[in-house]
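Each remark here refers to the structure printed beneath this line.
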């Protein structure tokens, strides 16, 4: 411990009255004390208090701290870091002593979840479709290189191989669209069955296309690749925890731009599974690129297909930035994810998805419209329903996550502005605890 570090301790005792009613922070000559407001240093309420207190400490410009005294287990240490970390500037934490397993887990989270947050926070100028794909490869090779093989398909090769949705959305940008197909196979057996396929939306900037977003909706669209980053992090964390099952990762990466070559309203996309889609809103592009990844995933016949995307504003209207929205026809898979989310203390909430939602996308010229008709306003549910048309066995083993808790446009009491990394640990846990 150095002399210029601030000590941070935990207490179940209330703060002295001079610090204010229900104060969560007090100061003495040794440093800060976080008063968790409960009789235990463990539990959901204590974790939230620690995270909020860490945000306040960072807000005071304190960039070097030492976690001192009792109570700094893995969960509390991680809660502190989630609140303390910000998108700019360096912060140094001297951690309390942990056992070897918890120390490894903490270090893996610091590496992988912080990679997710940093990647989502990158400006679009620095992160195009191909850069996103190569960053994902670099992370997974760093974690488990011997188990990783991958293929990157881009530009005209996508068109020639009939990746119609991804090519159509990405063709309007000078930066070529890219599909990353990564095979994590720790068994070493090329004939091993695929346990799960992960399909991520990787729109590295979304103008909305000709259905142009206003500035207030476009200013955070560097984060529209949050689903791809989250799934990459989840697979990396699961691998670091010892995942022994084969998993394939598909990242559908593109810019959605306006240009003379960009796709237009009224265009019809013809997919490899025989479905045709009429484009009536170019700002509903995420589902168009995911469709290609879901077709590939279905061809692998995995037990599970999990897609993750910053897909709709409707999910954010329902849940804010506080929960990821969860959709599935498979109640058992939903229950498994919710149990994993509870164990990792991460927020997921199930929203409706019923068979009738699949009929809410009529088109006069194609099998499907890429947006629901005006009479059907359940935007998040109909977006999920659209995706179901590209999953062969959509009623079983398929999970769609509309990841509305990925990014915050402004700071709140628990989070700095920017990416949160929420969902990475839950999905890693799900892959591990339910792989047979």
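Including glycine, each Cβ sits where the backbone N, Cα and C put it.
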Let me know which member of 130, 278, 285, 299 Swiss-Prot also records as binding Mn(2+) 2 at the site of 201, 206, 224. 285
State which of the following recorded positions has the fewest other Cβ atoms within 10 Å around its Cβ: 201, 213, 287. 213
So of all those recorded positions, 201, 283, 287, which one's Cα sits nearest to residue 213 (active site)? 283
What remains of the binding-site residues 201, 206, 224 once a 10 Å Cα-Cα cut-off to residue 287 (active site) is applied is 201
Note: in the chain of residue 283 (Mn(2+) 1 binding site), residues six or more apart in sequence with C-beta under 8 angstroms of its C-beta are 206, 208, 209, 211, 212, 213, 256
If you count Cβ atoms within 10 Å of the Cβ of residue 206 (Mn(2+) 2 binding site), leaving out that atom itself, what do you get? 27
